[in-house]
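According to Swiss-Prot, the active site, charge relay system annotation covers Ser122, Asp207, His235.
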Amino acid sequence: MVQTNLEVVDDTLHLPRILCLHGGGSNAAIFQAQCRRLIAQLRSEFRFVFAQAPFLSDAEPNVMSVYSQWGPFRRWLRWCPDHPEIRPEDAIRAIDDCLEDVKRQDDAKGATGAWVGLLGFSQGAKMCASLLYRQQIRQELRGRSFAGSDYRFGVLLAGRAPLVSLDPDLDLNSSLPDVSQITDAKYHGPSQDVLRIPTVHVHGMRDPHVDLHRQLFEEFCAPESRRLVEWDGDHRVPLKYNDVSLVAYQIRELATQTGAP
């Protein structure tokens, strides 16, 4: 018998990287599966890296219907009263540690591309927008070199208002809720906290909470830097080719607009 050792070569290691944050009651592996069609359309242009949230939770109902055997399930934020209370500074530290861990793990695999974007679904999209806002505030107060990140854009799939505060020491005049609070109820704006880093928002027109997604788009993101994709779907990641193509096109446009390498 002839034995051969076939080494699989990862041809995305040099590509610019997009950090991906799953929804609440899900996990990194599930979100990667949900994004498979988007990855397929962009795999020669970006490397997608999927982070795992720090806190355990029950599965979100839509997740349970398809991925019930894919646990354990995790969350970034509290959305139920029975989720254990936590100090804001401890929640922020746990979230940041998760993100830095997955970055280090990807570096260890040999990846070298710049971290150019954030992509999130549902609670993960709220987190992405909040991370971008923290970066924006830090860049304004400390300068770009001391912001801790340099993401050029965000892709927010079914992300709902409001943003949450991820650096209370800098958000002294902010009306944002802190990261330890339950923030899924309708936010009563308008908000003085406006994200100007470019974003594309993806809204399913049959999503029961699309009004909250519109609120994030309209009240928390600057008109000159936001884009919108609407598709005929509910609370999930688009999978049909034409729907995914619209999202992929806007990601390419954002990358070009922001000079992402």
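Cβ coordinates are placed from backbone N, Cα and C, and glycine is handled just like the others.
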Q: List the Cα distance (Å, whole number) between His235 (active site, charge relay system) and Asp207 (active site, charge relay system).
A: 5
Q) When DSSP states are folded down to helix, strand and coil, where does Asp207 (active site, charge relay system) land? A) coil
